[in-house]
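Quick look at what TrEMBL annotates:
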- 1-110: domain 'WH1' (DOMAIN)
- 114-172: region 'Disordered' (REGION)
- 138-147: compositional bias 'Polar residues' (COMPBIAS)
- 157-172: compositional bias 'Polar residues' (COMPBIAS)
- 202-326: coiled coil (COILED)
Amino acid sequence: FREQPIFSTRAHVFQIDPNTKKNWVPTSKHAVTVSYFYDSTRNVYRIISLDGSKAIINSTITPNMTFTKTSQKFGQWADSRANTVYGLGFSSEHHLSKFAEKFQEFKEAARIAKEKSHEKMELTSTPSQESAGGDIQSPLTPESINGTDDERAMPEVTQNSEPRAEPTQNALPFTHSSTISKHWEAELATLKGNNAKLTAALLESTANVKQWKQQLAAYQEEAERLHKRVAELKCVSSQANAVHTHKTELNQTIQELESTLKKKEEEIEGLKQEIENARELQAQRDSLTQKLQEVEIRNKDLEGQLSDLEQRLEKSQNEQEAFHNNLKTLLEILDGKIFELTELQDNLAKLTECS
C-alpha cells in the first residue's frame, strides 16, 4: 500500500455545524480510531478516521494548519480544503498532548517536503508532473479518498481563510469553546453533588462503570497493539506461513476482544440507563418532598385557623352560658312578680266579696 498508518489513537470526533458555524456536531457515536497516514510516493501526511465503512475524517496536513488545545481533553484544527473544523475529544490529557505533538511533527515534515518540492521545481524549471489518472491506493475504503488529485491542483490557502470553531457573535472560537468547557465542567460538578445523594446501589453501579471503563481502555489498547502487530507481520514476506497462522490467531483474539468490548459497552449502556432511572426517581422524590412541605405548611395554617375557631367557639359558649344565666335570673324574677300579682288578685277578690 502507498499509505501506511504511522500513529493511531482513539477519540470522539466532532465537526463544526456547516450552517451555524457555532455548534459542534458529533460524527461518531463512540470513540473511534484516529490515525496519521503517510504517503511515501507523494510525501503527504493525512489524518484519517473511519466509523464503520464511512470516512469521518480525511484531512491532509499542510504547513499553515494549527492544532489548538481548547481544554484539557479537547483539541481542534481547521481544514480549509474540506471547508470544516474538526474537533477531537480524548479520554485523557496525555492522549491529547501526544496527538498534538505528532500533529506539530508531521506539520513540520510537510513544510520541509513542500520546500524541497519547490526547490526541485525551480531547478527543473518545469511544473510538477503527476499522473492525472492514478487514484490513491489507500488501504481504506473509497469513501476515505477525498480530493487527492484536487489537492495537487489546489493552491495553498492561508490560515486566515479557515472556518472558525464554535464562533459566537462577539468572541473567538477557542475562547468560546473554553467557556463552554468551563460551563459543562460546572454542570458536571453539580451533577456529581446530586449523585452523591443517591442510594448505595447507584454508588456501586458507578464504581462498576469505572472498573469496566478501565477494562474497556485496556482492551482497546490491547486491540490497537494487536492491529499494529498484524501490520508489522504483513511486511515479513520470508515467514509467510508463520505470519498467516499468527495473523489468524491474532484476528481471532481481536474478534474475541471486540466481542468482549461490545458486551462491556452494552453493560455500560445498561448502567447508564439505571443511573438515568435513579435520577428520575430522585427528581420525583424531590417533587414529592416539596409537595409534602407545602401540605405541612397548609396544615399548620389550618391548625392555626382551627385554634382560632376553637377560641371563638369557647368565647361564644361562655357568652351563651352567661345569657342563659341572665335569662334564668329574669325568669325567676318574673315568676316572683307573677306570684305577687296572683296574691294581689286573690286579695282584691276577697275585698270585693267582703264589700
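Keep in mind that glycine also has a Cβ here, set from the backbone N, Cα and C atoms.
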Note to self: Give me the DSSP three-state residue breakdown of the domain 'WH1' (1-110), ordered helix, strand, coil.
What the structure shows: 18 helix, 54 strand, 38 coil
Check: Any idea what the model's mean pLDDT is for the coiled coil (202-326)?
Finding: 84
